[in-house]
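Undergrad: The structure that follows is given in the form of structure tokens.
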């Protein structure tokens, strides 16, 4: 701060006593300015804030049980933002089983197309009708070529009346065929599109369910970042359609075309048909080689774009930090760098694609030349009639063009196949911590006794760092325990292990004497409430955010929870009340307001075990008092684990445990620990307290 213009925004007033000028804001206005001594002598707003911090902590009386009171305005009149899964076609049991395969690690699926066909089984009526349309559409091209060639040969006739009659008949046939073609293509594309869109919705929902069922450690991996997973949901599920719906449509249509063309050609002139068909393997071989090249360069190509997407997502999500540090050019350069690798591969893919497609057309046109040359030989030797030879040749030309067109779709189909592997890696992965294990014990009531027995732990993504080494601690039912220690001592990890976000490397965690590994995880988490330092609110209304605590709660229960959390006052003053949108991550609310909404959500959940992870450390003094009062109500009669730095938060806990070097080195009440001058807790407290106020422990 030396020789710099400095603006300090702080909740702990002890950090600003020595600044040159202090400005006090209230209700959007400056109400006081001056130095610390000047403002203290005025005994105004600033002095009252300081006195709140330096005053001795008094325990707020814990309220009685929450009573039901009538609500203000009917909240249930407002539309809910929740979307029913019934808006999608119901998912079958076989589909849901796909998220519980016995695969402990992501594995490449041996036949992803077959797996996708099984996943699409509910849409077989659409596939059947769409395939009927595709067959009829495929038959249309060779029949049209046959008709056109027939008219051309008729024009060589010397009988004018025959020419007139044949042309009139064929014209009526063409008009009728045109009308039928409209219906045929409508049948094909409507039902395949319907099937494809339903498949996309089903795959996205199954992928989302599978993602949410994975253990937290899975999300810690770089390849499973938020941007990467969001990109897979948005993009990969769409490409699945091209891998199945579009592929089946094209393949069936062209198989019908080829079969019809071969039958007609061999019936009319089997000799010319045999010669032209003999050149087809060259055409097909060139395109197979092209596919193999593209497949070899496809995997990293897709993954590289995921990395670029993640860079963009981080920059946009943290735009305030980017703008504050003027880092736009640096972020842009990083994004461009991530795009360079896929762009380089795209150039190579483009060259392969162009060369391969050019070779395919070369062989196609070569087959035409050979066919025409051999046709002239057959006509010269009078082994075939001119009309039959030309009809057979034209029908096969149409077939060759269709085959070339189908093989030109190879890049999209190859990309779709690669995406299928990524999709089924997610769908078929079994979580290392299954929240709905069929062998787990279902619990309906949790007493709240918690015990860590010889627990050792390392984070899966940091196996070289030991967090806990033979940790032992016990919390009695209905009692509170504060966990303190220096930063990095593993305080928040205690909460992560209790919620079974991770499993310990060794040792046992017991709740009511049961190993939490044997308890149904979903049922257990329903009985545990969590209030974090930075509360997580969803981009919906205040009402919906509170209701996340209990989806079956009534309007009265939600209002009562808000009152118990000291949130009802500020909510009722808002124009939209409980229907107020909180914005992304709750940006429309202040820190204290967000925290009280989160507490209301926890109250509505009515947990047996309450986990408070520095729930008041980011709040100003006034907000802290309001939040602490709400927390005191919430803690009543519940087993509570407090993670905190502030002395005022932990000193009234029934027990305090000090963590150091991965172990519980001290345990006891505040009075017991503070009476030992050589204790670690004593040192932490005296780092925090001085004659001027209160600071942080760590």
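Quick reminder: no glycine exception, Cβ is built from N, Cα and C everywhere.
Please treat TrEMBL annotations as automatic predictions, because they have not gone through curation.
Owing to the predicted nature of the structure, the values given are computational and were not obtained by experimental measurement.
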Undergrad: Between 126-152, 207-233, 288-314, which stretch does TrEMBL give the note transmembrane segment?
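TA: TrEMBL lists transmembrane segment for residues 126-152.
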Undergrad: Match it up for me: which of 389-410, 411-432, 433-454 does TrEMBL list as transmembrane segment?
TA: 389-410
Undergrad: Among 36-56, 57-77, 78-98, find the range that TrEMBL records as region 'Disordered'.
TA: 57-77
Undergrad: Between the candidate ranges 352-377, 456-481, where does TrEMBL place the transmembrane segment annotation?
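TA: Comparing 352-377, 456-481 with TrEMBL, transmembrane segment matches 352-377.
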Undergrad: For the domain 'ABC transporter' (450-686), report the average pLDDT of the model, please.
TA: 87
